[in-house]
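Feature annotations, courtesy of TrEMBL:
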REGION    206-227  region 'Disordered'
TRANSMEM  29-49  transmembrane segment
TRANSMEM  61-81  transmembrane segment
TRANSMEM  101-123  transmembrane segment
TRANSMEM  230-247  transmembrane segment
TRANSMEM  267-287  transmembrane segment
TRANSMEM  375-393  transmembrane segment
TRANSMEM  413-435  transmembrane segment
């Protein structure tokens, strides 16, 4: 496998022998090696380039140069797209008027991302579902548009010491620093600048003091250490990676549309297999996002105040809550704890600003941002209907189960199972990517032999309205 993917890797071939030994694609090996290097540099950055020891200028320069090095190592000359995208957007910020700057910046940044995604998918390698150069561009797109909207809204300028646009160095450091260039996550520009300048702890200390009625001298005098959180997150990474490598080949999602499997397996076992296949796939994302969070924390970025017991919180830019995902009892709860920073970005730039059907607009933007594979659009279009149906059930059905703890427990068990099935069904095209396999999946699930008419099973009457949920999750009131 490794040798077959060498041609699709545009980065360094230094680790090709390791790629062949462990039988993993070279671009994935480069990605993990790059992140481990970033982790070591993060520790060094915090200890030896601490804000008390050097200037923000030096910290910006080092963070940016290390970021460019990692980009070149993993993506080769394709990393130039990061500079082109950032440069075009910065030009828009400089020359466009403040009134419409955020709109033009959004169009240019997202448009360039989509252009690169179309080129990568339909010109170079349609089936490449691995580490690719458009991944970092997705995070850069979030950062650029977030900054543009913050400037337009006045949030960034009001909190900055000077009423000015970010300098080019500050802008590139924010977009391409070594801590987030490969896997993010996105973050507020103001939080990043506070981290670089060493002022990120002060507001958190004050918030803690206000919450407790007085300031705890321990919090004021000492800077919190991320060591325990970094170690904990690295352990989570190790467990997630081990689970993924052990199960990903045993439970491929593609097996759920295999003709022999479908014809010889009862429908309920197909559903269980689909859930297990999706469960085996998620640790890959747990590994990537938790490692990215640990890298930022190791550099001193991500402090978010203190817990009630006085321990520091390092979840300012965390991207997921694993237990809340796996035990989610609603579609919304699952999404709220998955890819958290992207959800916040979608909320800020789309959901809170769209006057007409913000839910549909947000899912559509999410599909466009993820890429141009048809499976992405099928997933997010299904997500719209799923969200509407979940809201209807929660609003009209849940109150009947709150009369006692036992009923509530039964409701939680049922909704947990239903949420996991709904998520698996919704996300399957996202993994299958192409139209053919996705439609084949839908055909098997909704075939006449196994199709379930929920209208005949589940009709809830509340306040005189009849809520009917069909297998297509259409909502009629």
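Positions of Cβ are set from backbone N, Cα and C atoms, glycine also.
Where the annotation comes from TrEMBL, it is an automatic prediction and has not been curated.
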Exercise. Sequence-remote contacts (6 or more beyond its ends) of the transmembrane segment (29-49), Cβ cut-off under 8 Å?
Worked result: 2, 9, 11-12, 15, 18-19, 22, 58-59, 62-63, 66, 70, 73-74, 131, 178-179, 182-183, 226, 291-292, 294-296, 298-300
For this session: Mark yes when the transmembrane segment (230-247) and the transmembrane segment (267-287) have three or more Cβ pairs under 8 Å (sequence separation 6 or more) and no when they do not.
Result: yes
Problem set entry | Intrachain residues whose Cβ lies under 8 Å of the transmembrane segment (230-247), provided they are six or more past its termini | 280-281, 283-284, 286-287, 290-291, 293-294, 297-298, 314, 322
For this session: Quickly jot the same-chain residues contacting the transmembrane segment (61-81) by Cβ under 8 Å, restricted to those at least six beyond its ends, or write none.
Result: 10-12, 27, 30-31, 34, 37-38, 41, 45, 49, 112, 116, 131-133, 136-137, 169, 172-173, 176-182, 196
